[in-house]
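These notes concern the structure reproduced below.
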């Protein structure tokens, strides 16, 4: 009996010892991981570095002269972690390669790196090995480097929005803005966490910024995922400086970015300033210069870079501000009070997409202006994967319709056309816009026609469109007229899917055009369906390239034939074993086939 008790006691002791070892190991791993980011810098912590002298390496974009301290070196993998932690591979060459914005690589770029690519949309493992204080090239026009600014510029609150971002990328954004903004101008840095799932972005981030930048960096945490638009509104509410800069949390700032932006806003508080954007390559973190550009959009309200306006090109001064109709959205700087006066961002929009275009329309139509500033530059990672990817097309469509209904007057039909959806019962609930309409009335804003004529004259106008959408034939109702290959010249029949390749427009002039709207003078327009009379196959050509204009003209009524004005032949469908889906488009003697188009605009726009 006594022997049995001794055996049970020994077993219990052994089990407790084993459990203790496991728990201690876990504790050490967690503690080591935490200490990688929160250990104080050698020599003690300071709230922030002093403003560099004009000739210092930091001021000119060179590397910091001060050794970073153990915490940063552990983060970069240049020193082992604490003895009981998992440790990291030492790869000092990654930091050396990345200095000056050059491309960097890792020799151990294996399965772990691939997993991080998938998670973040960029090479997060490489980012962990690159200095938080690395230098990047000064891509400002030469004239910018010799400009001087007033001493009493307003202070700025810099707001970063993130959700499930790599910690080292967030910290590099913070280090970069602190390093490249004069201390008297930077009031605070506000990090808005849009309800990240990543545990590393909670305790580790808090401890790091509280120790490294006490009192300078604030963290705002959303209790639920709000999306980029409403997360920015939270940042605006938390900001206390007279000017607020909104940025993605995967950027690096160039030397002298703040002074020109703040100077332009000081001159006119109704001016929204967009730093010029350069690119950080997602795979190697190489910083690549982008050409100076304005920010435009197509009729679907997707933003894009466009050529600067002709008057800017004629001026011949690369440092001059560039008038821009809208903004890409990853960075903008605005007077805090003015931003509130004009209605912030539309809180009824979801996630992101369209809010950047809507803001451009609103600012211009309501008496303000928007410009890209080549002397103020920010490098930005264009990620291959974004955290809000689920259903982003739906949200972008919904947001576009909200903007169209409030700001675009009769031109809102162009947005419905671009998305290939009906104007009545579009299948998208864009919510109540009454408050935004009241805002427009209260601000006494101009018409969208004024905006197109004075701010975005490059937009193509489709006011003479009578009808648009999917076109089906009575002989094959499940198939739609389709532009076929983008670079081809043959229209086809294809199972109906409602995408832009099946957008057909019939104009008051008699043009039948297939494919996505060309939207601006910078993009090719949709092609015309042509019957040249030389064969039975209709072709697609650029409308302006058709030799005889009547060859591109058709007569069409709902549930009736489509008849060529040049030949009197009808566009019809014939069965053919050699054709895709056994259906071929032909022009031939009319046999009574009928065509139906989905959406009608009741009268031509003038």
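For all residues, glycine too, the Cβ spot is worked out from N, Cα and C.
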*Out of 380, 414, 497, which is the one Swiss-Prot records at the Mn(2+) site of 248, 250?*
380
*Swiss-Prot records 194, 383, 388 as substrate-binding residues. Which of 225, 232, 336, 436 is assigned to the same site?*
225
*Quick one: sort out which of 7-29, 30-52 is the transmembrane segment according to Swiss-Prot.*
7-29
*Whose Cβ, among the binding-site residues 225, 383, has more other Cβ atoms within 10 Å than any of the rest?*
383
*Spatial neighbours, same chain, of residue 194 (substrate binding site) - Cβ under 8 Å, 6+ residues apart*: 161, 162, 163, 222, 225, 226, 227, 228, 231
*Just the number: how many Å between the Cα atoms of residue 388 (substrate binding site) and residue 463 (N-linked glycosylation site)?*
35
*Let me know the model's mean pLDDT on the domain 'Ricin B-type lectin' (467-603).*
92
*Which whole-number value in Å describes the distance between the Cα atoms of residue 463 (N-linked glycosylation site) and residue 383 (substrate binding site)?*
37
*Neighbour tally for residue 388 (substrate binding site), based on other Cβ positions within 10 Å of its Cβ*: 16
*Count the other Cβ atoms sitting within 10 Å of the Cβ of residue 463 (N-linked glycosylation site), across every protein chain shown.*
14
*Could you count the residues of the domain 'Ricin B-type lectin' (467-603) that DSSP puts in helix, in strand and in coil?*
13 helix, 60 strand, 64 coil
_For the region 'Catalytic subdomain A' (153-264), how many residues does DSSP put in helix, in strand and in coil?_
44 helix, 29 strand, 39 coil
